[in-house]
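So Swiss-Prot lists the following for this protein:
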{"type": "BINDING", "residues": "30-33, Lys51, 87-91, Gly415, 479-481, Asp495", "note": "ATP binding site"}
Amino acid sequence: MAAKDVKFGNDARVKMLEGVNVLADAVKVTLGPKGRNVVLDKSFGAPTITKDGVSVAREIELEDKFQNMGAQMVKEVASKANDAAGDGTTTATVLAQAIVNEGLKAVAAGMNPMDLKRGIDKAVIAAVEQLKELSVECNDTKAIAQVGTISANSDSSVGNIIAEAMEKVGRDGVITVEEGQALQDELDVVEGMQFDRGYLSPYFINNQEAGSVELENPFILLIDKKVSNIRELLPALEAVAKASRPLLIIAEDVEGEALATLVVNNMRGIVKVAAVKAPGFGDRRKAMLQDIAILTGGIVISEEVGLELEKVALEDLGQAKRVAITKENTTIIDGMGEEAMIQGRVAQIRQQIEDATSDYDKEKLQERVAKLAGGVAVIKVGAATEVEMKEKKDRVEDALHATRAAVEEGVVAGGGVALIRAASKIVDLEGDNEEQNVGIRVALRAMEAPIRQITKNAGDEESVVANNVKAGEGSYGYNAATGEYGDMLEMGILDPTKVTRSALQFAASVAGLMITTEAMVTDLPQKDGAGMPDMGGMGGMGGMGGMM
């Protein structure tokens, strides 16, 4: 085992604080409407330019092992805030730096670190309660657009496109962000249920120009097995032919004789039909087939529940107003299922989301809810260069997370004002002893750090602005973009409550751990030449003989 280097007490804390400050100083220049950019060198390709706090934090690795430990702990704050709310990473970093700096000064002055931490925790719990009271519901398109705009560094086009996407697919709809091909941002909305399975044969195509299959008012046959024998499908085909309506077959697979016969029937115009594979695999496929059944008002023909394909009647089939099938996707528009059944299914999947432990499962379940409840919107980010595209895509994703958080827990006045108001409401909070009171005051002072940093980045005098805002009430604050004071909610400067709350909680949690650190242990650096011993030359290789 390699030898270790150990530092204790003040020596350890000073080194750790240096690391915290290096990382936080690099991240905090991005805060606010006039925050600066940070350029990140990449081992290949063009450098990345970003104003995203967590992207900057992830790039930083310090040479000094003790300093690096401090930096990595603050990096954890940014990552946790990003995971919880998708935004607020820079605010969390600024808060953590402020708490650590103030807290370590108190420790150096002889305060008990454990009581300091308890005081900080008390202040944060009380401040979070105040934030919840200050929170205002965010349920109109204008407020959603404002939240998106603020999170995307005052880019109103991003805020507006996210608000439009949410309006079209609903709060539960899936909104994804992709790199577009044009210079402008584009919004592509898929209404109805779409899944990534295309037609099984190009001979089903009936719209030659678009290269797609389009079925008006089709019946939908859902089968939980492979079909290769056409005899199994005959009853359904005959019933649909009599009704003079098209048929969509969604099965695990349709192959061989069954597929060939369907193609021939379709080409001769005997019955308009198309077949696609069911989405997903294994248990997820069964669940998604059931989703489609509920959406279209049909039932899944499965031998597991004693239903046979040969005995299918028209009432077992689902129905929709329209189905569009391309090479890659199938979209079912306006399924004829009962609204109460669909809502029941959505509630059931939501419960599964709450119980799910893995992020992957949650994401897949969320997609299923969206497909049943709303639809899917794709925001295609447009830019002139690849560097700009990456930077903008990061901002759009941040803004999307922020708007989701705003819809979930509401909004508070932005620009660091909410933290100032929360702090002013708990200024009389008392701890169990004087050292806890110092911890409370450390947290209250730290809650001023975001507004000070926003003001500093805008080139204004931070103390003057902080005092003016503290003297005001409610959502009165400072708009760093224009240099004006006023009502932040009316000016459209909003932060999601969840983002502000998460930033404060994670910053205090990690900062508390750092304040109570008494020893640090790291590997001693390897001395050069400590690897393989010198081989002392290879000696002569001798003659190579008669090798050709």
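A Cβ is built for glycine as well, from the same backbone N, Cα and C atoms used for every other residue.
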So which of the binding-site residues is most packed in, judged by how many other Cβ atoms lie within 10 Å of its Cβ, out of Gly88, Gly415?
Gly88
How would DSSP class Asp495 (ATP binding site) in three states?
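Reduced to three states, the DSSP call for Asp495 (ATP binding site) is strand.
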Asp495 (ATP binding site) has how many other Cβ neighbours within 10 Å of its own Cβ?
30
Including all protein chains displayed, how many Cβ atoms other than that of Ala480 (ATP binding site) lie within 10 Å of its Cβ?
25
Based on DSSP, name the secondary structure state of Gly32 (ATP binding site): helix, strand or coil.
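It is coil.
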Who sits close to Gly32 (ATP binding site): which same-chain residues at least 6 apart have their Cβ under 8 Å from its Cβ?
Gly415, Gln453, Ile454, Thr455, Asn457, Ala458, Ala480
Out of Thr30, Thr90, give me whichever of these binding-site residues has the highest number of other Cβ atoms within 10 Å.
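Counting Cβ neighbours within 10 Å, the top one is Thr90.
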Among all the protein chains here, how many other CB atoms are within 10 A of the CB of Lys51 (ATP binding site)?
21
Give the three-state DSSP assignment (helix, strand or coil) for Gly415 (ATP binding site).
coil
